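Trainee: Per TrEMBL, the feature transmembrane segment maps to B:12-38, B:50-68, B:80-100, B:107-129, B:180-199, B:211-231, B:251-273, B:280-298, B:310-331.
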Amino acid sequence: MFGIETLTGSTQAAALVGVVLVEAMVLYVGYGALESAVGSTVLKLLGGN
Amino acid sequence: MFELFGISAGLLAMFVGFGLLIGVLFGFFGMGGSFLVTPALLVMGYPSRVAVGSGLAFVFGTSVIATLKHRDLGQVDYKLGVSMIIGTTVGLEVGKEIVLYLEELGLAGNIISVTYVLLLGGIGAFVTYEALKGGDGDGGVSHDVEEDAEINADDIPEIAKKIQSYSLPPMITLRGGIQVSLWMVLLVAFATGLLSGFLGVGGGFIRMPALFYLIGVPVPIAVGTDLFEIMFSGGIGSFLYAQSGGVDLSIVAPLLAGSALGARVGSAATSIVNEDEIKIYFGLMLLLGALAVAVRQAGNYLGMGVLDYVSLALILGSALMVAGAVIYSALKSIRAPGSAGVTAD
């Protein structure tokens, strides 16, 4: 996946950890933006307002 | 069948859903990653190397997300975190050496399993007992801790008060105005690292209660700081396993996509849910976890593969029960009269 298979040993390992780190940060920012956009509406709906 | 990242859409959806469940627990308690993922992957037929390596990579990704979230809430004590990393690293090394020595004697497998069951069961029983005792309004720490607010002396467990009373310099001041000897922090970190190296687990379920019960760190800061530490141990561990091809991105990526959302829900819930309501479920989950390990060990001993599935069902069932309790309590708090000020952050 993402061409990581072409790398070897420690480089491949570092790339894999890097991909996980980048995915985590992208998800954090992405879900954060989603929460800002619809969070209060969802809370109001859940709160029955 | 439709495939993405080399796995079927059904499996992909299952990993995302499983990640969501784990994320809620991880975000709320600061534990529950490798404890849940690795056994599940093993029962699904993945080789041990891939199950452990992918479990660690997943724990790394989830702890990055959950630490960022807890940092936003002012619930990470970096000074404590770095001190803990130092003490834990030394403890891990000593723990590994003990395992190697026991392996030479041919006793490692049984001693580790029995210790794991006793420790998990012991902590589970202790947390459940404390939660039941605190149910009458006596003791317990609120989740609503201000970043640098002084904490109420009544909220500090007795053992922690004793440990805080040893004024061996250098003394460090932690979030919540707690003053404790650095040596005591290093000692607790060493002991938790030793157990985690000995048992081969991330150690969140040992460290988080240790930070609260032994050092007196308020629960939200104990969770945030524990996650900060897991980020480092998970990163290093996944790198080591990735070197031998133990990290499978087709497992880690969907799990992480689900857990990122779950961790957001779990972390947000720490600010609105009364911890005493949940502690009892947390204790029960640990007790069921201990039972699951005992069942799996019995299965290995008796050569009954079906007990692996019973063990997995126990782990997943208890995780589902606790995640459900967190979400239910959060919803109850949101719906309670006068909770208009509640926010997701």
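Cβ atoms are placed via backbone N, Cα and C, with glycine included.
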Trainee: Using a Cβ-Cβ cut-off of under 8 Å, list the residues of the same chain that are 6+ residues beyond the ends of the transmembrane segment (B:280-298) and lie near it.
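Mentor: Apart from its flanks, the transmembrane segment (B:280-298) reaches 29, 32, 35, 39, 113, 116-118, 120-121, 123-132, 135, 205, 304, 307-308, 310-312, 314-315, 317-319, 321-322, 325-326.
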Trainee: By Cβ distance under 8 Å, which residues at least 6 away from the ends of the transmembrane segment (B:50-68) in the same chain are close to it?
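Mentor: Contacts of the transmembrane segment (B:50-68) (Cβ under 8 Å, skipping residues fewer than 6 from its ends): 19, 22-23, 26-27, 30, 33-34, 37-39, 41-42, 76, 202, 224, 227-228, 230-231, 234-235, 237-238, 241-242, 244-248, 251-252, 255-256, 259-260, 263-264, 266-267.
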Trainee: Quick check: do the transmembrane segment (B:211-231) and the transmembrane segment (B:80-100) share at least 3 Cβ pairs under 8 Å, counting only pairs 6+ apart in sequence?
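Mentor: Yes, since the transmembrane segment (B:211-231) and the transmembrane segment (B:80-100) share at least 3 Cβ pairs closer than 8 Å, they count as touching.
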Trainee: Below 8 angstroms Cβ to Cβ, which residues of this chain, lying six or more residues outside the transmembrane segment (B:80-100), approach it?
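Mentor: Counting only partners 6 or more residues beyond its ends, the transmembrane segment (B:80-100) has Cβ contacts under 8 Å with 108, 112, 172, 174-175, 182, 185-200, 203, 207, 211, 215, 217, 221, 225, 228-229, 232-233.
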